[in-house]
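To start, the structure itself, in structure tokens.
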Amino acid sequence: MTELAVVSLSGGMDSCVTAAIARAEGYELALLHADYGQRTQTRERQAYRDIADFYRVPEHRRLVIGFDTLKAIGGSALTDASIALPEGDLDRPGVPVSYVPFRNAHLLATCVSWAEVLGASAIFVGFVEEDSSGYPDCREAFLKSFEQTANLGTRPETQLAFHAPLIHLRKSEIVAKGRELGAPLHLSWSCYQGEAEACGHCDSCHLRLRGFKEAGFADPIPYAYIPESLKI
């Protein structure tokens, strides 16, 4: 019997490639998406639907959940329009204001709950620690700790393996892996503020564009602006 994996799918490039890896490893996919009041919520949800359609995931294995608490708590440029998004300085010290406080704990907890109901054996997340914005809840140590917590707090017969296959990869390696697996990168969306076109200014756009450039490929999504240093 084919095993089932719950994949946290934001609609971004990293989660798109993570879903492709889970499928390539032989898992059936159950795709979870979170709306938490982020600026590009509508566009991210569309990317989620498009990727789910690409992999022909049935409706009963798709789940979109809302975290109104994260929007209400605020404290992040992604959920509070009064906080300016950082633009392009990937070498700045500290945790950027685009960090949503402890967001991934909420996501993981929901993945665990759904996985237990579905009888899934694995949870896949697109965390990237090496070449990223430096969010503390994307670290491997955090994920391992949460895996232990999840298996302590669920039924004895529930044994969940947590997978973060991209966690030590650079963005260029993620692009290459996605292309190798035929992941629908053209359907993914990473921009923090643009919905018709990616802005080309935010940290997420810079990380993505840099990854494509270093991998030697043009990014297939539309951009309103691409810095000269990141053009192919």
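All residue numbers here begin at 1 and follow the chain in the order shown.
The backbone N, Cα and C atoms fix where each Cβ goes, glycine too.
Features as listed in TrEMBL:
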type	residues	note
BINDING	L9, S10, G11, G12, M13, D14, S15, C16, V17, T18, A19	ATP binding site
BINDING	C191, C199, C202, C205	Zn(2+) binding site
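When the C-alpha distances from L9 (ATP binding site) to the binding-site residues C191, C199, C202, C205 are tabulated, the minimum falls on C191. Compute the center of the Cβ atoms of L9, S10, G11, G12, M13, D14, S15, C16, V17, T18, A19, which mark the site for ATP; besides them, the chain residues with Cβ within 8 Å of that center are I51, G126, S188.
G11 (ATP binding site) sits 10 Å from C191 (Zn(2+) binding site), taking the C-alpha atoms as the reference points.
Least packed by the Cβ count within 10 Å, out of the binding-site residues M13, C191, C199, C202, is C199.
Looking only at other Cβ atoms within 10 Å, the busiest spot among the binding-site residues L9, V17, A19, C205 turns out to be L9. The binding-site residues shown are M13, S15, V17, A19; of these, the one with its CA atom nearest the CA of C191 (Zn(2+) binding site) is M13. Residues S190, Y192, Q193, G194, A198, G200, H201, D203, S204, H206 surround the recorded Zn(2+) site, their Cβ atoms falling within 8 Å of the Cβ centroid of C191, C199, C202, C205, which are themselves excluded.
Counting in whole angstrom, C199 (Zn(2+) binding site) lies 15 from M13 (ATP binding site) by their C-alpha atoms. Other Cβ atoms within 10 Å of the Cβ of S15 (ATP binding site), summed over all protein chains shown, number 27. For G11 (ATP binding site), the Cβ neighbour count at a 10 Å cut-off comes to 23, with all displayed protein chains included.
The two recorded residues S15 (ATP binding site) and C205 (Zn(2+) binding site) have their Cα atoms spaced 15 Å from each other. Across the fold, the C-alpha of C202 (Zn(2+) binding site) and the C-alpha of M13 (ATP binding site) stand 15 Å from each other.
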